[in-house]
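Trainee: So Swiss-Prot says this about it:
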REGION    1-33  region 'Disordered'
BINDING   HIS18, HIS74  Cu cation binding site
BINDING   HIS18, HIS27, HIS36, ASP39  Zn(2+) binding site
Amino acid sequence: EPKEKDGKLTAGLGAGGHWDPKDTKQHGYPWQDDAHLGDLPALTVLHDGTAANPVLAPRIKHLDDVRGHSLMIHAGGDNHSDHPAPL
């Protein structure tokens, strides 16, 4: 279900925050042990909206670990930082 922020309903907010079972409270690279497990590798999406290249998530060992969680795909790049700057 969507959640409200600043008076506007936003579908993505219903997914919750990054998956962070180790309680690191920081963003990082997918292979970095001291970052959210929810920080995944970049997904290459073509102009027609399809994504066919495999993505490896080296720190996720079992599919059961992510069962019941949402997968959010953001548009644009990622600088893997808690203090984003323009890319």
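The backbone N, Cα and C atoms fix where each Cβ goes, and this holds for glycine too.
Describe the structural context of these features.
Mentor: Taking Cβ pairs closer than 8 Å, the region 'Disordered' (1-33) reaches residues 39-41, 56-59, 66, 69-70, 72, 80-82 in its own chain, all 6 or more past its ends.
Mapped onto three states, the DSSP output places HIS74 (Cu cation binding site) in coil.
Within its own chain, HIS27 (Zn(2+) binding site) has HIS18, ALA35, HIS36, ASP39, HIS80, SER81, ASP82 as residues 6 or more apart in sequence whose C-beta sits under 8 angstroms from its own.
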Trainee: Work through the binding-site residues one by one (HIS18, HIS36, HIS74) and point out the residue whose CB has the fewest other CB atoms within 10 angstroms.
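Mentor: Comparing Cβ neighbour counts within 10 Å for the binding-site residues HIS18, HIS36, HIS74 gives HIS74.
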Trainee: Counting by DSSP secondary structure, give me helix, strand and coil numbers for the region 'Disordered' (1-33).
Mentor: 5 helix, 6 strand, 22 coil
